[in-house]
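Going by TrEMBL, these are the annotated features:
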type     : residues : note
TRANSMEM : 20-36    : transmembrane segment
TRANSMEM : 56-77    : transmembrane segment
TRANSMEM : 89-113   : transmembrane segment
TRANSMEM : 119-145  : transmembrane segment
TRANSMEM : 179-200  : transmembrane segment
TRANSMEM : 206-227  : transmembrane segment
TRANSMEM : 298-318  : transmembrane segment
TRANSMEM : 330-354  : transmembrane segment
TRANSMEM : 366-386  : transmembrane segment
TRANSMEM : 392-413  : transmembrane segment
TRANSMEM : 425-450  : transmembrane segment
TRANSMEM : 456-479  : transmembrane segment
Amino acid sequence: MEESVKLRVPPLTGQQENPLALITYLYIGHFLARWGTRMWEFSVGLYMINIWPESLLYAAIYGAAESASIAVFGPVIGRWVDKLSCLKVLQLWLVTQNLSFVIAGASVVTLLIHSSLKFTHFSIFMLLVLLINVCGGIGVLSTLAGTIMIEREWLLVISEGQPPELLTKMNSVTRRIDLCCKLLAPVVIGFIVSFVSLKASAITLALWNTVSVWVEYWLFTSVYHGIPALDQNSNKRIARLLQCDQEMNTLTSEEDSLLPVTGSSSELADRKWNQKISEKISEIPYIAAWRVYLQQEAALPGLALAFLFFTVLSFGTLMTATLEWEGIPAYVIGLGRGISALIGIAATVAYPVLQSRISTIRTGLWSIWSQWTCLLPCIAAIWIQSGFLSSYILMGSVAISRLGLWMFDLSVLQHMQDLVTESDRLIVGGVQNSLQSLMELLVYVMGIIISDPRDFWKLAVISFQAVTLAAFLFCIHAYHVRKHLFHFDRVLWGKFFVRVT
């Protein structure tokens, strides 16, 4: 997808003469990486409900394991990306992600071929299920590392010194690519499952990741070497971290040398020791990352976005497994998810236009409440007796709500990019993804507790309440920044009220 915003002359500092070609390489590499992730994301719900029918338990356990991985290790991943060079992150990200999905796909094929394992060799069955969960967790962690690097650093570095519209456009295009993968990958997998077999889909997934890793690495390294600003920024970031560590060690040594060691100063020494312990605890990567995040002005909108991940209304693992249990064909679920992603793609087209006219925060307000409105039919469908009709209303309502969801996602992303300083970007990105995965984890925990597909409506109601809470949180932030939510005097009845008073 070629960028419509023209780069100024001269182009990015020290880079080659054709930056648009390099940006295209970035988009293609991003597409290949997201395609493999989206194929697995859709397929795993179908695999789990077929491995153990009549229960959402295994699908919920997998989702919980995957979300827990990011919730626990997300902040650490952010700091890890901050400390390594871009090239090293690229290598670890692509190899680990693709290898994990290959192993998970092979394990699924084994379970599907030997479906009697859960009765004849339960220990082997559980070992393979555990392997799928572990590989899935490792895969999403490596994907997170790559996402943080691309979205929180590369796009910002490439857009430096360029028209401000370039960053908005690149954010929209990368999200559009992700949604295109979300649109097409489920459709492809759905048709393979419906007209060939589940085993064929797992084999396809494993083969894709085996081949695509080499192309992805070539594309991303071409971008990295073709835009010297990326390498310069990476070296500057690492040097800054080393300097901070050296200054901290020097300061600690100087404080220790000034500390009296006489018996009369034992109380002072104890206080100093306790202070050092507190400092060491605060320097633990996980705690330090959260401290940086909570100090940000963008923490509240980030929390609002995270609450939108506390949902089963998303064509995710639990909703996919429930629709499969209801008897909806896999290709129909795939098409529904594809239509959902298509509407999301429309959101990435509409967002730059709306944002340029009414600002980032107001775009966020309009989008979050439009999502809330579009999800109302999901709640109404609970009282419909026909399982098929309620399922189709559920899919339609969720699909339409993606317009508001993805516009809100882009609003919060750009708002955080504007507010967070360069030195904190990667750390804040890691914590934000961790917070979102924590919400997903809580959803899967609910799925484990409420594992009967007949009780899916309870999960839907709780999810709708989370969207409501997210909308109110963003309203609080918007009011804090703008001192109002809307222009009261521009509303028709507001004008009448002003005239009367």
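Cβ coordinates are placed from backbone N, Cα and C, and glycine is handled just like the others.
When Cβ distances are compared across the two stretches, the transmembrane segment (366-386) makes contact with the transmembrane segment (456-479), since 3 or more pairs at least 6 residues apart fall below 8 angstroms.
Counted over residue pairs 6 or more apart, the CB atoms of the transmembrane segment (20-36) and the transmembrane segment (89-113) come under 8 Å in at least three pairs, which marks the two as touching. Between the transmembrane segment (392-413) and the transmembrane segment (89-113) there are fewer than 3 Cβ pairs closer than 8 Å, counting only residues 6 or more apart in sequence, so the two stretches are not in contact. Relative to the transmembrane segment (330-354), the listed stretch 179-200 leads the set 179-200, 206-227, 298-318 in CB pairs under 8 A. If you count C-beta pairs under 8 angstroms between the transmembrane segment (456-479) and each of 89-113, 119-145, 298-318, the highest count goes to 298-318. When Cβ-Cβ distances below 8 Å are used as the criterion, the transmembrane segment (179-200) is approached by residues 31, 34-35, 37-39, 42-43, 46-47, 50, 108-109, 112-113, 315, 329-335, 337-342, 344-345, 347-348, 406 of the same chain, each at least six residues removed from its ends. When Cβ-Cβ distances under 8 Å to the transmembrane segment (56-77) are tallied for each of 206-227, 298-318, 425-450, the top count falls to 425-450. In terms of C-beta pairs under 8 Å, the stretch of 206-227, 298-318, 425-450 lying closest in packing to the transmembrane segment (89-113) is 206-227. With a cut-off of 8 Å between Cβ atoms, the residues of this chain six or more beyond the transmembrane segment (425-450) that come close are 56-57, 59-64, 66-79, 81-82, 140, 144, 147-149, 151-153, 156, 289-290, 292-293, 296, 298, 302-303, 305-312, 317-318, 416-417, 456, 458-459, 462-463, 466.
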